[in-house]
Amino acid sequence: MSNKITILLAVLLAVVACAQAHASHQRRVPYPLPRFLPRPHHTVSNHRIVGGFEIDVAETPYQVSLQRSKRHICGGSVLSGKWILTAAHCTDGSQPASLTVRLGSSRHASGGSVIHVARIVQHPDYDQETIDYDYSLLELESVLTFSNKVQPIALPEQDEAVEDGIMTIVSGWGSTKSAIESNAILRAANVPTVNQDECNQAYHKSEGITERMLCAGYQQGGKDACQGDSGGPLVAEDKLIGVVSWGAGCAQPGYPGVYARVAVVRDWIRETCGV
């Protein structure tokens, strides 16, 4: 009898351990649907910012929609007349010929102009498991024509610090909530940056936050980027400080959004595209 009890307890402990490991792993997931790394065969729905407001693209003229087969999959930011910055998990496994960007429109499905991607330069240290170094540069086939609705965003200096608690704006065509709700209009939300140690504590079960990441959001939740916003801009004081990367759900209390920190790869951006 005692041997049977011992075996039963061992089995129960193994089940609990597996469940905990699964829950921990599920916390670290990138933003495109279906919350796993996108592949060319995936179709990403029109999900958008949680707890935000509709805006005209003229208010965020650096915003682009990254598309595959004429479908919005991620956001991105204009760096120059030829280069876009997005998230590596948005382009991982993709060929340039399969991607286009739409610029100058508040709708990801119409208006503005559509430019083909000529080259993808994914950060060489990108890690699919930890979503570290989540950066990808896209070279466009033709030079952009700037207007009040298409403009490059300024970049921080290499290793420029981001203060805790400063207000930022994140924009995109991602989900307005954690469930599906289609809408093609550009949205934005204002969220404060979060102390690195506090964010590390929130995500300690999923290996924590690296130096290439920064966090923004409210302790009570309610406002955040979500599926479909990945690769899009996090801007503070008219500078691109972050790239929408990953999180635990969308706008969940105690779990701020996690962004790829732009300042730590400023030199790589300059070396790659001369910006």
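Keep in mind that glycine also has a Cβ here, set from the backbone N, Cα and C atoms.
Taken from Swiss-Prot as is:
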type: SIGNAL; residues: 1-18; note: signal peptide
type: DOMAIN; residues: 49-274; note: domain 'Peptidase S1'
type: DISULFID; residues: Cys74-Cys90; note: disulfide bond
type: ACT_SITE; residues: His89; note: active site, charge relay system
type: ACT_SITE; residues: Asp134; note: active site, charge relay system
type: DISULFID; residues: Cys199-Cys215; note: disulfide bond
type: SITE; residues: Asp224; note: site 'Required for specificity'
type: DISULFID; residues: Cys226-Cys250; note: disulfide bond
type: ACT_SITE; residues: Ser230; note: active site, charge relay system
- Which whole-number mean pLDDT does the model give the domain 'Peptidase S1' (49-274)? 89
- Between Ser230 (active site, charge relay system) and Cys74 (disulfide bond): CA-CA distance (Å): 5
- Message: I need the CA-to-CA distance for Cys90 (disulfide bond) versus Ser230 (active site, charge relay system), whole Å please.
- Response: 7
- Message: Between Cys74, Cys215, which of the disulfide-bonded residues has its C-beta surrounded by the fewest other C-beta atoms within 10 Å?
- Response: Cys215
- Query: Once the DSSP letters are reduced so that anything not helix or strand counts as coil, what is Cys199 (disulfide bond)?
  - Reply: helix
